[in-house]
């Protein structure tokens, strides 16, 4: 039977991967409250469709850091892709290139960066960095990814220490060694990961250290793991180029807000000065629409990519991305937008919804002073705004 939604891919992966691999991919921190809430929080948001509008042409294209992508659906950094498929990150990179989207490659990739780039030389790729205690190693890595054509540096800020992941403890998995030996091959198979080196993470990294990274590279720097307005404001103050609102898939500190619940706070704090993205809990095209309506420039998908890899490698990842794209296209087609025109001063506009609740109509395209409101089909990503959603009373 064909797999028709991301849940189908999840079930296939659960049935076909080894227990330790499945537990590692799917596990969260402590009671997994945040992991589960990442998905549940999307279901508390309802869509507000409007009909009899011209949506014969719907354009999902957008840009991130100035680069065009075919849809606001990209691949989040996750490690150890060879746990799910022999070609690992090379298959992921090829699928991302074919889909014309961005792939953030993890520091803990199980393929060499050179092989990943060679597999998809035309792909849009960013690099996710876990900061090493040795500054020279960080410098060498940054220079390497810049020379290989990576277009942005994504610094993960929410891992000064690895979260309490009970599945890994139960399975006696040492992320430095045992998982790789158990699931990626035995010593008799030779060196299955000749380029891979797990490195320690610097727990002393501070806001003041960002200037050092900025002095090392011309690449835009994006911070991954921001959840509060205070940190968002500090990110802007320290001249970063973007923020990924993320709780690490619920794998770090449990009982923090779901990513989608933290998004509005962060978007409001940055005041349009940097691009804001989201990862965590994206499972449908409706989820993508909701994230964009609340201010995300695009979303990044993590676990479902590994499910796709476990299904059919590159082609499985492509199927996962195609499903999300098709669902998102449907979501755009079946909703419409209030689009603001005229004016010159960025601001916000509030109005009463039919349920008499205050709703923020537009985060960036409403203007103070005189403006005109016209109803259009949701024909482009730029037209998506908060008027498309409302929060459930449940």
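We count from 1, first residue shown onward.
The backbone N, Cα and C atoms fix where each Cβ goes, glycine too.
Lifted from TrEMBL, the feature list:
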- 248: active site, proton acceptor (ACT_SITE)
- 77-79, 106, 128, 130, 156, 224, 246, 279-283, 302-303: FMN binding site (BINDING)
- 165, 248, 251: glyoxylate binding site (BINDING)
- 1-353: domain 'FMN hydroxy acid dehydrogenase' (DOMAIN)
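For the glyoxylate site, whose annotated binding residues are 165, 248, 251, the maximal Cα to Cα separation is 12 Å. Residue 246 (FMN binding site) sits 17 Å from residue 165 (glyoxylate binding site), counting Cα to Cα.
Cα-Cα distance from residue 251 (glyoxylate binding site) to residue 128 (FMN binding site): 17 Å (rounded to the nearest whole number).
Taking a C-beta cut-off of under 8 Å and a sequence gap of six or more, residue 282 (FMN binding site) has these contacts in its own chain: 42, 73, 288, 291, 299, 300, 301, 304, 324.
The Cβ neighbour count for the residue listed as 'active site, proton acceptor', using a 10 Å radius and every protein chain shown, is 25. Among the binding-site residues 156, 246, the residue whose Cβ has the fewest other Cβ atoms within 10 Å is 156. Cβ neighbour count for residue 128 (FMN binding site): 24 (other Cβ atoms within 10 Å of its Cβ, all protein chains included).
Spacing of residue 280 (FMN binding site) relative to residue 165 (glyoxylate binding site) is 17 Å (Cα to Cα, whole number).
All protein chains considered, the CB of residue 77 (FMN binding site) has 24 other CB atoms within 10 Å. Each residue in 27, 28, 29, 35, 162, 163, 249, 250, 252 lies on the same chain as 165, 248, 251 and has a C-beta within 8 Å of the C-beta centroid of that glyoxylate site, without being one of the site residues. A sphere of 10 angstroms centred on the C-beta of residue 251 (glyoxylate binding site) encloses 23 other C-beta atoms.
For residue 248 (active site, proton acceptor) paired with residue 156 (FMN binding site), the C-alpha to C-alpha distance reads 9 Å. On the backbone, the CA of residue 165 (glyoxylate binding site) and the CA of residue 128 (FMN binding site) stand 21 Å apart. When other Cβ atoms within 10 Å of the Cβ of residue 302 (FMN binding site) are tallied across all protein chains shown, the result is 20.
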